[in-house]
Amino acid sequence: MEAQGIYADSTTLPLVLKACGKLQAIEKGKKIHNEIRDTDLVNDVRVQTALVDFYCKCGLIDDARYVFDEITERDLVCWNAMVCGFVGCGCYEEGVMLVREMEREKVRLNSVTVVALVSAFGKLGDLMCGKEVHGYCLRNGFFECNAHVSTALVGFYSRFDVKVARDLFEMMDSRNVVSWNAMISVYFDAGESWRALELFERMVMDGFRCDFVTMLMVIQACSEVGSLELGMQVHQLAIKYGFIDDLFIVNALLNMYGKNGSLDSSLELFESAPIKDIALWNSMLCLYAEIGSLEEVMALFIRMRLEGIQEDERTIAILLSSFEDLDNGLRTGRSLHGHIIKSAIEKNKCLGNALLGMYAERNSIQDAFHVFYDIGDSDVVSWNTLILALARNGLRGQAWELFGMMQQCDINPNSHTIISIIAACDDESFLNIGRSIHCYVIKYDIEINPSLNSALTEMYMNCKSESTALNLFESFPDKDLISWNSFIASYVKNNQPHKSLLLFRHMITQVDPNLVTIINVLSSCTYMVNLPEGKCLHAYTIRRNSLLGLDLSLTNAFLSMYARCGSIQYSERIFNDLPRKNVVSWNAMIDGYGMHGRGYEAMLAFSEMLEDGMEPNGITFVSALSACSHSGLVQKGLQLFDSMVQDFCITPELAHYGCVVDLLGRAGCLSEAREFISSMPIPPDASVWRALLSACRVYSETKLAETVFENLIELEPTNAGNYVLLSNIYAAAGLWSEVCKLRMQIEENGLKKPPGKSWIIVRSAIHSFTAGDKSHPQWNKIHAELSSLLSCIKKVGYVPDLRWVLHEEEDEEKIKRLFSHSEKLAVAFGLISASGGTPISIAKNLRVCGDCHEFCKYVSKLVGREIVLRDGSRFHHFVNGHCSCKDY
């Protein structure tokens, strides 16, 4: 038109300006505006409205306001363009003020105005004003007649209460596909994917044809709930409705199949796509990276390059993440960094931060600093990443120095900065620094969002200021699920599992838990050997299956909990019912068998794992070697160790060497164990030496024990347990002068030995006992029961083993001390408290002493009840006078 000299009129110009807005063609739109300034068109309200809309769509809100203020006769469409422009550009308060100005000028609001106003109040978090608009809609008939108004209100209420949004949706007389999409989106965003899918089913049953948006959300929901069958049905719908050629839909389906364990379907879909954009390649790379298939990742990346697809920053980030678990991950990451430089890939902040994150994750601080300075115009993400890396590596001074430099460079710290820097305050000696950082947050008005509040709470917990942490947690008004999970995890980390359980019970009255919550609470049950609570949690999870989903990691956590709480039968049942097993499932089962002294079953499970085509990892061999150690399978254990290196090419770590030392030491092969340590290609750590020292305790090898102790004390000079272990060896050998010297050293060095403690759970209450403890309210009954048991078992052959009394005193005093051991007190209490016939389940934080072991064997036969005792090393099942450990 322009080339032919035909000038646009008031009908054409609004269309052209609308196109400029859609295309973000700012220069073209401004040129049109300049060309009509001296014409009558500039005063046409339709053209002026189009200019307002154009400037708003391009984010030039000041230019839009200037044009709007020049309009002398504003109609409703013009007002709405400016209101929607303010709201669309994030100027919510200005948008609300403009609506009030409309009302003052007697301009009647319509449904477009109302939708913009509802959106603004939603973004501002103003529930009361949103309710007033809702009332206005009801009075003026907008709610019943306009589906887009009621849809906007559903979205508004979803920010405050999903139930209210659902109720409003159910009240709608007229629904369109956008209404259904809005409610499905509400459920999906709230993490209630099952409800989103149920609503989708209703939508289809009610005869509504879904659109592209519906399909995309439903595919993602199938991915979240882990339903492959439902995902396949949705795939068929996508084909039926003609969405299968859309790359966004194909990408979503590809990810859904991959997340549901059907990688073959993902690959088939990928290969069948006639056009593959970079997003599709990245998704396929990501799926291979998630399953740890580095060979497939690299093969696909090379193919992608050969087909002329240029990688982007996300491709690089995926490749970097796929190297994280490799032993040579840092070297591979550096190679990729070199490739980026050679390929002249644009070095933007996102890519720089991905490289910085890779080096930080691998704790390569020097490389991280090089990338940081190479980025040049570092943003707050760059600073935060480097500060966190320094804090995590114990370089607190450098972390705080960098924090100061950040402020000098006019980079405003945000909540993530504080979360990073506060990670350096991880014990009580840094409490005052942590408090100072908290004051800094308040002084400079840094937003305390749920994540930052959780970080501050965790800091106070780690610094042993529980009261401050609790007050911070309880007083925070916007606690989300992560806040609850973080505080529960803090209790677990700080060895207060009973408090984590109490907090969980309080939590479920206010918010719904997720998988992380359940797994955290399960670890508390495991720590306390609280089988009844673990069973309750299992039942709770089954009842809420639609909420929590069928997650393999959660099932594995229950499997492990049952094994570690003494019920290996339940573990077997869960394991056998698993439709799909991963390496964690097999590891948990092998570990469970090993802890219960069932070495042959552990080896059988290991063989079945290989037959099932599952590749064992380093943890598998730690569990298998430990099982051999607990069952005396010396030759099998040594064969396993050789096979790990030769057949599976797994480089042994200290944990593996420690297992072999323990294996040889328990079997009495002390010289072989010593030679094995000498042949290790890496320096032994304290756990390796301690395994040998424990074997010296069993076989009374005082000379070797002294040599081992010297090596151990160099590595752990402040661990009182090492001194106590040697002291016990001397005491058993009657070397009381050496015992005295060691005890004096412990006192002079200010070391403290953890007290031996046994506990038993009866009717959800934890009853703890220490040696000689008389504080229990039922002490008299416990003492009477214990005296009766001792009298009876002595008649059938029990003889107190005074070697387990580690004090130089008369035999009579030794007997009294022996009879007040915490294990015996717990057994006596269990017999008077637990209902007849059920096993007595006890836990101890240290290893059970030899005399208490004999005591439990005799008592189990006397009373005809199983006694299950988990000590610091393994499980002992005492049945009819025999122990599952076979006295090994």
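FYI, residue positions are counted from 1 along the chain as it appears here.
The backbone N, Cα and C atoms fix where each Cβ goes, and this holds for glycine too.
As recorded in TrEMBL, the features of this protein are as follows:
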type	residues	note
DOMAIN	797-888	domain 'DYW'
REPEAT	75-109	repeat 'PPR'
REPEAT	176-210	repeat 'PPR'
REPEAT	277-311	repeat 'PPR'
REPEAT	379-413	repeat 'PPR'
REPEAT	582-616	repeat 'PPR'
According to DSSP, how is the repeat 'PPR' (176-210) divided among helix, strand and coil residues?
-> 26 helix, 0 strand, 9 coil
Under 8 Å Cβ-Cβ from the repeat 'PPR' (379-413), and at least six residues away from its ends along the same chain, one finds 349, 352-353, 356-357, 359-361, 363, 365, 368-369, 372, 419-421, 423-424, 430, 444, 446
The repeat 'PPR' (582-616) - residue tally per DSSP class, helix then strand then coil | 26 helix, 0 strand, 9 coil
Summarise the repeat 'PPR' (75-109) by DSSP state, stating how many residues are helix, strand and coil.
-> 26 helix, 0 strand, 9 coil
Which residues of the same chain, at least 6 past either end of the repeat 'PPR' (582-616), have a Cβ under 8 Å from a Cβ in it?
-> 552-553, 555-556, 559-560, 562-564, 568, 571-572, 575, 623-624, 626-633, 636, 640, 644, 648, 650, 870, 874-877, 884-886, 888
Averaged pLDDT, computed only over the residues in the repeat 'PPR' (176-210) | 86
Count the residues of the repeat 'PPR' (277-311) that DSSP assigns to helix (H, G, I), to strand (E, B) and to coil, and report the three numbers in that order.
-> 26 helix, 0 strand, 9 coil
